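Each remark here refers to the structure printed beneath this line.
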Amino acid sequence: MAVAYLIIFASLFCFTVAVPVENALKTYLVFVETPQGLDSLESETLDKYYQQFLPVTTELSSDEPRIVHSYRHVITGFAAKLTAAEVETMKQKEGFLSAHPERILSLQTTYTPKFLGLQQNTTGFWNSSNYGKGVIVGVLDTGVTPNHPSFSDKGMPPPPAKWKGKCDFKDVCNNKVIGARNFVASGESPADEVGHGTHTASTAAGSAVAGANALGQGWGTASGMAPMAHLAIYKVCGQQGCADSAILGAIDAAVGDGVDVLSLSLGGDSAPFFQDGIAIGAFGAVKKGVLVSCAAGNSGPAAGSLSNEAPWILTVGASTVDRQMGSTVLLGNKKEMDGQTLFQPEDFPSKMLPLVYAGSAANSSGVYCAPGSLNKLDVKGKMVVCEMGGEIRRLDKGIEVKSHGGAAMILINNVANGFTTLADAHELPTSHVNYEAGLAIKAYINSTSTPTASIIFKGTVIGKQEAPQVASFSSRGPSQASPGIMKPDVIGPGVSILAAWPAPADNNNINNSSQSTFNMISGTSMACPHLSGIAALLRSAHPDWSPAAIKSAIMTTTHLTQIGGKPITDEQGLIADMFDMGSGHVNPAGASNPGLIYDILPDDYVPYLCGLGYSNAQVSTIVQKKVECSLNQTISEAQLNYPSFVLQLGSRPQTYTRTITNVGRANSVYKAEVYAPEGVGVEVNPKEIVFGQLSERASYSVTFSVKNVTNQRFMQGSLFWVADGYSVKSPFGIIVDY
């Protein structure tokens, strides 16, 4: 049999070394059975238990141990440097469950509190939730800039008595940032060298900072969603990405430290839950009462492009807000096209400039303004039209134009990005316009031999009626890991979000005299901490609610319309469906008083996981206890007590049950209202439920059936339980299969 080899190249010497694949060291996540009496085991005893699974040679060298991370709180297992052959040997040892190579995952405000209805008054949700006081939000990201004003602890109480964490900064942590640890390089500072972690942490629970802006735009008072909550920072990502072993180590530590909410703006490709370190760690966190909020991913608008799909995770997609950094393109034919940019120079001349398309017939390879693509095109003193895409960063397109003497840039969307435009810190005057505007601009260029254009900078513009809209980059369902669970769960603000940054926003073009240390960036990474902060508010307002109850409250109370009153749309302007936006756009005030909740206990996931066809060992790896699926009543995905339904429906009717808990008012009567698509029958039994007291539970069943044959392969509707002052929504999606 041929032996596969990895070729290792030495950068300073002219030779190669061939290493058999089975002898190549990799970091593996190893999951083992929990020994009896684990809760009473000392760390040294647990480490000895882990050591027995390792090869006889437990160190690679005198200063490099095999075990990289040792886990205790959310899973029983460890991360270690192993060869494939050593893992095969390990599988024979008693207590072994599974092992797989770690994955390297990727990273996926002044105004958004107001946009979400969070305002300083005596009756609002901020006040009733005490601004998140006493809640600890753990942020797993690139670290933090602890001396940023968003992390001031003025007016903050000390950490709650349950806090057991530590701070790897020297004399920097305070009552806001109560802990900070580095899981990328143990013992080193958890300082943020990227900016991403500082931005997400301040979005979730940053303190209020007056006069926040980026390049003079978006002026206002910046605040996190839960401004009185504490922050615990866990650095798990560096320049090379985010390692599974570090993420799992940080989740394990955070749960032991006493956090209430975990925020992870990172993720990777879809994987079975038993091979997904975040899913496994999150399950352990949920068992300890910790809500886990994760970014849905930035691979949209492609279908089935989600990250972080487990039903015990709050999976967050991204949407726009009604604020834009306006920059309008004025064409020589007097037509105007609205766009966006963060960099808006006051001295930009209003005169019309020659307009050139980078992908013209003479320079077809330059359509994306890639580095070097404009070498043969005369752009000096001209406004250059560049297209999105080509795997070229938006800012790099502007750098290419500027390096060849271009005076300005119009960045036009491709069809996939549709109406989603972003406010970036470009290096030259720019307007990022939508696909429709781009077509009109290109048509104008082709209509005249002397096309011209200018850009009118309008500053911060509030009140866009088409917001919220699902962002083009926001990853979409259906879930690949579990198609019968609706994902994402919810959408929240994730486009052009202003939040803390380690240094002044810099486009290498201007002297930012304000020394603003804020930046405006976009992604589901920005949407996730909005929901993490809102979850912290809910935990503060309802400390007895489980993670599933908080998720349910968020999902059943969402908005389905834009501020202009029309249904929420996707990036193409089409009405968004459940695989675009989940249950809808987050509504914090509604979530604080949902009326009913769909609760799920950790043990309830076992029959669901068995129903996915997972083996006993695979389910045991996730739930961290011995499972025999043959002894459990397996259930289909649609039978999990989730606040939504997704099912494949053929000629036979299908019936599913749900259990709801009254958290609204005693002596209340809820009536079922169904909005079903044409051709689908939906029967609810009973149609009316009476609750005599709070915390009372009741069950109902829903039967779905196909009434009339239709050409539509996917349809959706909603079930509402309606009482005085309450409307509890459960969306359902039906994939027709006959």
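In case you wondered, yes, glycine gets a Cβ from its N, Cα and C as well.
Keep in mind that what you see is a predicted model, and the values were worked out from it rather than measured.
Positions annotated as active site, charge relay system by TrEMBL: D141 (among others). Taking the Cβ of D141 (active site, charge relay system) as reference, residues of its chain lying under 8 Å away and at least six apart in sequence are, in sequence order, L107, D192, H196, G197, T200, A201, I233, Y234, K235, V236, C237, S263, L264, S265, L266.
Annotation comment: TrEMBL describes H196 (among others) as active site, charge relay system.
Residues or ranges marked as active site, charge relay system by TrEMBL: S525 (among others).
Look at TrEMBL and you will find 50-107 tagged as domain 'Inhibitor I9'.
Annotated domain 'Peptidase S8/S53' per TrEMBL: 132-561, in sequence order.
As annotated by TrEMBL, domain 'PA' applies to 353-441.
Summarising the annotation, TrEMBL assigns domain 'Subtilisin-like protease fibronectin type-III' to 639-732.
Among the features that TrEMBL reports, signal peptide is placed at 1-18.
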(Q) By the count of other Cβ atoms within 10 Å, pick out the sparsest of the active-site residues H196, S525. (A) H196
Q: Find the average pLDDT over the domain 'PA' (353-441) in the predicted model and report it.
A: 93
